[in-house]
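A short write-up of the structure that comes next.
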Amino acid sequence: MLKVYNTLTKQKEEFKPLREGEVKMYVCGPTVYDYPHLGHARTYIAFDVIRRYLEHKGYTVLMVMNFTDIDDKIIKRARETGEDPKELAERFIKIFLEDMEALKVKPADIYPRVTDHIDDIIEFIGKLKEKGYAYEGSDGIYFEVKKFPEYGKLSGVKIEDLQKGARVEPGEGKKNPEDFALWKKAKPGEPKWDSPWGEGRPGWHIECSVMSSKYLGESFDIHGGGNDLIFPHHENEIAQSEACFGHEWVKYWLHTGFVMVKGEKMSKSLGNFVTIRELLKRYEPEVIRFFVLQKHYRSPLEYTEEGLQHAKNNLQRLYNTLENIRVALRNAEISYTWGELEFKTYEIIREGKRKFYEAMDDDFNTAEALKAVFEVANAINKYLTEANKPKESILRKALEFFKIVSEVFGVFEDYFREETKEREESEKLIELLVEVRKQLRKEKRYELADMIREELKKLGIQLEDRGSETTWKRIIT
């Protein structure tokens, strides 16, 4: 039974989607004015794994993720670079999508942009005005928070606390400090659109309410994002959406923990961030995924080079296991009998699979699931060391388990993809080069033999000489 931690209820709940077999999921996308960093990667890798696991369990998942392509930050950056705000946003949307593809994050089904939904936003604001939740001030349209009695149910924030010590700044047209903008009237030199309230642009919070509801309906299953969005963004989304629709809007709210740097949140404002592109120059994409998955998605994740190196080493351990299996399968025994060693190893594989699912069913606990993965890897390596003639059936059982891990975690994908004809052909070529090198060594033409070894190593193939015999395995760089 899958349980998820719901930020709305502050507890783990049995996951029951609104429609059996189908999950509708919205994840807040980036405001596109700069290069995405590891904090973004953490959130989107986490929700990618959540989506993958739901699909693995048989759910049909419809996933929507927006792009905020008009915002104060975009306008400010465009002024600094001399670009048109729309062009700047499109440039960083392209960069974001390239980075996600590199990290093997599956694309969302729909990527709505704010600027393509201005008419929908205006219509939504109009409904809030008609229902008495919104009013027009001198500089825009505002949502009147006190009209929504359940305000604060997600974050625990109380209206009276927002009012303490707060004041309406001169020039602001809102009635109360806690009210928030739905529509901002145009300022000189800023992008603007026509509306019944004059030219202007949307407020931030209204955008996600409109785009999620347009594609997923007035009620859907999962709304996700980083912890920093709980208040005010998601709190305000709930207020305006449930005020408009008159019923519960989202069933489960999921939030990822912060990436930390020396005890502080990684953020652009603090300048302590590392971009995804910088990381990809030093580490394979799977290493970054593995680094993220070693912690539960709700826990803080401390960024250190040592942590990434540790993730790389652990990932290499698993790749070594997979390669050991691959090598052993070339000479494995097809047998209808098992001995004590086979039964013992099979039990560890079976128990590892159970523990893996148990961990993932416990609010997508990837950290615990990985422990099960390493238990199986250790058992297989021990089996290969102790077995006189490894049994093919045991090795296939192990590969079946690792393929599940691959599907859910988004790692080893190239490895399993290469089980096709392409992999077989590449293996034949490698075997041929190994035989050629063997002959060169016999003829004492060591310079050429060493050249083959080094060239194969550059391609991720490591040769190991044991006397007159040579074995090979794949490595990650």
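If you go along the chain as it appears here, the first residue is 1 and each next one adds 1.
The backbone N, Cα and C atoms fix where each Cβ goes, glycine too.
Per Swiss-Prot, Zn(2+) binding site is recorded for Cys28, Cys208, His233, Glu237, and the stated evidence type is sequence analysis. Sequence-distant neighbours of Glu237 (Zn(2+) binding site) (same chain, 6+ apart, CB under 8 A from its CB) are His205, Cys208, Ser209, His223, Trp249.
Break the motif ''HIGH' region' (30-40) down by DSSP state and the numbers are 3 helix, 2 strand, 6 coil. Under the heading motif ''HIGH' region', Swiss-Prot lists 30-40.
When averaged over the motif ''KMSKS' region' (265-269), pLDDT in the model lands at 86. The motif ''KMSKS' region' annotation in Swiss-Prot covers 265-269.
For Lys268 (ATP binding site), the same-chain residues that are 6 or more apart in sequence and have a Cβ closer than 8 Å to its Cβ are Asp34, His37. The feature ATP binding site is assigned by Swiss-Prot to Lys268, with sequence analysis given as support.
A helical conformation is recorded for His233 (Zn(2+) binding site) in the three-state DSSP classification. A Cβ distance under 8 Å defines the sequence-distant neighbours of the motif ''HIGH' region' (30-40), meaning residues of its chain 6+ beyond its ends; these are 67-69, 71, 73-74, 76-78, 88-89, 92-93, 95-96, 99, 226, 258-259, 265-268, 273-277, 279, 288, 303. Compute the center of the Cβ atoms of Cys28, Cys208, His233, Glu237, which mark the site for Zn(2+); besides them, the chain residues with Cβ within 8 Å of that center are Trp204, His205, Glu207, Ser209, His223, Gly225, Leu229, His234, Asn236. Residue counts for the motif ''KMSKS' region' (265-269) by DSSP state, with H, G and I taken as helix and E and B as strand, are 0 helix, 1 strand, 4 coil. Counting neighbouring Cβ atoms within 10 Å of each of the binding-site residues (Cys28, Cys208), the lowest count belongs to Cys28. The number of other CB atoms found within 10 A of the CB of His233 (Zn(2+) binding site), across every protein chain shown, is 19.
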